[in-house]
Structure formats: C-alpha cells, structure tokens
C-alpha cells in the first residue's frame, strides 16, 4: 500500500509535481498517464527515493519512506524501466539474481529463484540463462527486466514505461502477460506510461496527470464516461472514446439469451470485447452475432442495437 | 555458371605488383667497407644474376594470380606463400652476405628495396588475416616462423649484417638500455595511471575542475618534448641543491627525474581523458536501474560503472604506453638512458645502423604493447567473454 500525501517536488524554481495526493491499495495496478513532462515519472521515482520529494509525505504500508535507508527501501520494491537497464556485462541469470544477491540470499536459493522466474516469464533456462543482454530481442530483454524486478518477491513494483520501446505486437503480448501475472501475484504496481491504450488495458486505477497535478483519477470506465475536463477527454481519445470504452467491455455484458430465431452465422466468444464484436459486424455486414463460450457452444446472441444501445439496461 | 566470378582482391593484387616492382627495381642490400662510409647499393639482379632473378619473381606472380580470382582456399594458399616469403628474407640476407661481403670490417646493410618488400609483405599478411577472419592470436602465430628463422640464423649466417655487428659490440649496453627504457615507461605509465584515475574521479566529483584540469593537461601536451625537458632542468637542479634527500635519491636537473616528470605530464592527458570519458559514457539507464534496484554508491561503481568503463580505460593505457615508449627515446638527450641513447649516438656518428639498433626495438616494443593491451581490451569487452 502506497500513500502520497500533498507531495510536491521542485527543481530549483520549477515545480515538477505540485501538491498531489494519491493512494494505491494493496494489489492494485495504478497507471499514471499523461503527456511528457507532466510529472508522472518524477512521481514514480519519488516513491523509491531516486528523487527526493520537497514537501508532503510518502508512506509505504503506513511508514514514511524517509525512515528507511534508501537501499533498504529500494530492495523492497521491484523497478523496471524503458531501456531495461540490464547490465550488459552480466548474463541473464546474473541480472535476474541481482536483488536477491544484494539481500545476501544463499546461492542455492538465488539459483532456485532465478529458475522459477525464468519459467514464470517463459524464458527457457537452457536457451537464455547464459546469454548476454545484447543477444536478446527487445521483448526478451524486457521480460528479463520484469523478472529482475520481481526477483526478491517485492510487494511493490514500480514500472517506468517498461514497454515503451517495443513494437506494437510485442508490447501487446507483454501487456497481456503482465495482466496474467498480476492476476496470480497481486502486487501493488505503479505503472507510468504516455500510451492511453496501454493505460486503459492495464489499469485498475487510472491517474491522469497534467502539469504536475492530478487532473482526474478513477477506474478506466469512470474516466471514459465522465472525463473531468477537455484535457482528459482529448487524452482519452476524443471521438475514439466510444471505441476505447467498447474495448474494455466484454460481449457477455450486452448479449441476450438465445431467442426463438435462427442462429446468426457469425460467431464471437463471450470474453471478446464489444469493440471486436463491432469490428466483426462491420467487416461481415452482419447485424447479429451468435455468442459462444470457450467450447464454441452458443450461449446467447448480440444485436447491433444491443451493442450500441442500452447503457441504461447494461 | 551459377555463381558469378569473384571480383579481384585489389589490395592484395596491388601489394603483390608493387612488391615485385620494388624487388626488381630498388636496391635491396648495401655493402660498406666499415661502419662510417656510405655503402654501395645492390639490386637483386646484381647479387644473383638474371636467371635466378626470374625464379624469385614466381611467388610474387603467384600472389597476384591468387588475388585475381580469390576464394577462401586461394587466400589460404596466398597466406602460406606470404609467410614463406617473410621467412625467406633472412635467408636472402645471408645469401647476399655470402656473395658480397669480404673482409673483417665490411658489413651488409638493408637497403630501401628490402624494407619496402618487408612492409608490403606484412600488409599482405594483415589483409589476408582480415579476409580469412583469423583471430588476433593466429595472426601473431603466423609471425613466428620468420622470427624463429632470424633467431636461429642471425648468429651464424647473418654475422656480416651491420645491425648485428652494432648489437654485438654493445650487447651489454643494449640490455641495460632496454631495461632503462622499460623502467622509465613502466614508471611513467604507472604513475600517470594512479594520478590520472584519481584526477578523473575528482573531475567527476567536482565538475568545476574539468575545465581547469583539461586546460592544463592540453597545454602540457602542446609543449614540445625537448623544450619540456629543458624547462625542467633548472627547477629540478635547484630543488636537488636545496633538499638533501632528493639529491641522495639521484634527482637532478638531468637524468631520470626530469624525464619521468615530463613523461608523466604527457601521459596524463590521454589517461585522464579516456578514464573520464569511459566513466561518463556508461549508459545512464543502466546506472538508474542499478540504483533503483538498491545498489549502494560503491556497489554501483565497483560492479557496474567500472567494469563497463574498463575497456575504454584500457584503451587509454594502451595509447599512453605506446606514446611513452616513443617519447622515452627523446629522454636520452637529457641523460635518462634508454634505447634513445643509440639513436642519438648513431646520429652523432652518422652511423645509421646504430640509429636502427635504437629505433627498431622501440618500434617492436610499441607494436607488442599495442597488440597485448588490444587483446586484453577485447577480452574485457562486456558480454563477449564466454
């Protein structure tokens, strides 16, 4: 659990972060989003004291972070960054084992933990343990970066645009993996990004920052439906907001039970998003879809009217 | 034909043709009646006659032919030919000595043509090593046969060689001078390494020092070496007169003390600059991650920054050492000893072979240090050590 209470950061005369208050609950994935220079990275780096805050208080599990030694504090938190920051002169295995070794775990335990993490992130031990970072693809390197951040099993994970430098396909697959991981591990995660789609996909709580202040925070759907001002609205995609919202809602939320009519020819999974359903309708010129479960058995149907309509009955 | 004909290897082709021209046209060896008088030059044809000359053109033509339609196999054959030719050069000197040198005082000199051939063959070897992607180690191993032949044959068949005669009459002095040279270089590089790393660290700690520091070091570098030795003469002589224990140590206006001071002065700039740049150039993302993971300041430095900077720092040591090996030659002027002694004696006596006796070992030393430290840098480059 992380609490920021009226926190301000000044660099000389410039105020980078201006009196923000934010509370991230245990197990919550909180995404800080905003344009460059809005103070989101500064906020993240104040939490592990890579930057010292000027005013206010930051608490971890109810204790002020200034009461810890910097190094002790940082070893309790995972840290992953855009450039991966992998040590180029160390092998993958040695990179991942960094924090456990700093914490003076016995060698056998470090080794076991490294193997466990590599398995968790789908990096085969034989193929990757002895490789050096420059021999990895961008996606693999970032997986190693995440594994390293998770190594000492910290409760808190700080991620500063970790997927920012990856191609869109790799980025999406890593976002999915992060969500799957988070469903298993329930870490408290603060994630910084400027990519709104990434933010909407990942966030339990979305925090929009602008010029050092928090403009709005809440669940992604809340922000989409009621943006606080024009800035949040434009950041959320303006006219694309409908599509972005549809991407967050599953088909199962809008479908009707199977009626007396014939089944529609086009099928869609009940876990698919409304956005995918809409795209399928457009592509196939179909006004109705048959909704199927994981075993491809029909469980309901979705009409265009239901899809677009009914926020009131949704 | 499915595969197109390979293009000629122009480098090897030109080296072979120029080499052949030098072999045929330039004076290959010279003979002098004693060490002072200028020698008479002889071309190859004048030593062995036209018929044998034709035979000696064959390896050159073979090289040119192999370069015309190259392939990996042909490159290997060419490399073997080049190594054999290099190994044959001492034999050629021995043959020339046998044919031309008569009388106890007469001596054989190496003339322009043979030097040119020697360097062209070395270049051909480097070109072939690169084309065949041979390792540095193999490259040096290829030099072993020629060196071994010189080593085995020099005392018996090359005794007429002027260079050898100069060495033989000074073999004790030579070893002493070599020792002095190495000691001066070692002390200068060692001292400038300690000072240079300290200075680089201080400049990183207090950035205000950078401008002043580099300004002074740059200025030092611009003073001609002889002038610097001269400038140090007066103050050191004064110091040694004032401070008893300095004089007892052997510090005076001439000798090793001013030489060492000047060498350290010249060595500091490359040392500090490389160390500073190496430490500064480490990827900030890596440092950020290291700190963010909870490494202490000294852990970041020892485990991350220093190892990543090490190859560039070693590069600085390499440059500094090679430079110091050359500069130490000049230090002989102020009585610091070293191989430069022979160079200046030789210049004074107009005995070019004596100059060579000083200059050649300096050249070999510099190349050797360059190769050794270069190999070490390669090994320490991050992420390549297996």
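Keep in mind that glycine also has a Cβ here, set from the backbone N, Cα and C atoms.
Copied over from TrEMBL:
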type	residues	note
DOMAIN	B:178-373	domain 'ABC transmembrane type-1'
TRANSMEM	B:48-68	transmembrane segment
TRANSMEM	B:75-100	transmembrane segment
TRANSMEM	B:106-126	transmembrane segment
TRANSMEM	B:138-162	transmembrane segment
TRANSMEM	B:182-202	transmembrane segment
TRANSMEM	B:214-239	transmembrane segment
TRANSMEM	B:245-269	transmembrane segment
TRANSMEM	B:324-348	transmembrane segment
TRANSMEM	B:354-376	transmembrane segment
Discussion item. Pairs of Cβ atoms less than 8 Å apart decide it: which stretch in B:48-68, B:106-126, B:182-202, B:354-376 has the most with the transmembrane segment (B:138-162)?
Written reply: B:106-126
Worksheet item: By Cβ distance under 8 Å, which residues at least 6 away from the ends of the transmembrane segment (B:324-348) in the same chain are close to it?
Response: 166, 170, 173-174, 176-178, 180-181, 184-185, 188-189, 225-226, 229-230, 233, 254-256, 258-260, 262-263, 266-267, 354-359, 361-362, 365-366, 369
Practice prompt. For the transmembrane segment (B:245-269), find every same-chain residue at least 6 residues outside the stretch whose CB is under 8 Å from a CB in it, and list them.
Written response: 184-185, 187-189, 191-192, 195-196, 199, 214, 217-218, 220-221, 225, 228-229, 232-234, 236-237, 239, 320, 323-324, 327-328, 331, 334-337
